[in-house]
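What follows is a single structure, written as structure tokens, with notes after it.
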């Protein structure tokens, strides 16, 4: 039963590769039938839990409630999507985001729930570091708007350079990962090589200081909560 449950959970999650927009597209009828089969297996497994568990215990367990809600949402979304598809109305399968619920909430996945709870308990404690990082990113973006917004600079594609504040925030956020370095700074560097100091300061503060601090806080708090859970607390 455990192997079958994991197989159908994996199959259900894998449908994202074959549903529109898909990596390997399959007909809607095929993917919908597979999803219905998976949901029937999940419902059968849930029914089995209900048969071997006291009724008041079963309904007090939030895991069972989450699985039931996820099944109902998935079936509702599938039916609506199918009807809209018949009338050639374009829509989105919003229920895909609930599929990981099956992986987390079945009784066999207690180890995954432990890790998930550790992550959840870590989030409030890293919020302050994340807010400091976002404040730094927003302030650097504002500085970039003031420095480059009125220079009438253009990118290599001929687009306005650092004219829109939200676009600046996104470009500098990508720069934190160095994915667009040094392309993002070249229009400013071509105008004046001194502008490179702005981007160097940004990378030092946000990539090397804030990201290192952020990862250290995440690691330490996650390790602390994991030790507490494996130290004797009942995670289920």
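Glycine residues also receive a Cβ, built from the backbone N, Cα and C atoms like all the rest.
Annotation source TrEMBL lists signal peptide at 1-16. Only residues 6 or more beyond the boundaries of the signal peptide (1-16), in the same chain, are considered here, and those with a CB under 8 A from a CB of the stretch are 31, 34-35, 37-39, 41-42, 45, 48, 96, 99-100, 102-103, 106, 108.
Marked as domain 'Ion transport' by TrEMBL: 5-224.
Residues or ranges marked as transmembrane segment by TrEMBL: 26-44 (among others).
Taken from TrEMBL, the feature transmembrane segment covers 65-84 (among others).
If you look up TrEMBL, you'll see 126-145 (among others) marked as transmembrane segment.
According to TrEMBL, the transmembrane segment annotation covers 165-182 (among others).
Look at TrEMBL and you will find 194-219 (among others) tagged as transmembrane segment. Only residues 6 or more beyond the boundaries of the transmembrane segment (194-219), in the same chain, are considered here, and those with a CB under 8 A from a CB of the stretch are 122, 125-126, 129-130, 132-133, 136-137, 140, 143-144, 147-148, 172, 175-178, 181-182, 184-185, 188.
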Residue numbers, six or more beyond the limits of the transmembrane segment (126-145), whose CB comes under 8 Å of its CB atoms: 162, 165, 168-169, 172-173, 176, 198, 202, 205-206, 210-211, 213-214, 217-218, 221
For the transmembrane segment (26-44), distant same-chain residues with Cβ under 8 A (at least six beyond the ends): 4-5, 8-9, 11-12, 15, 18-20, 67, 71, 74-75, 78, 82, 85, 102
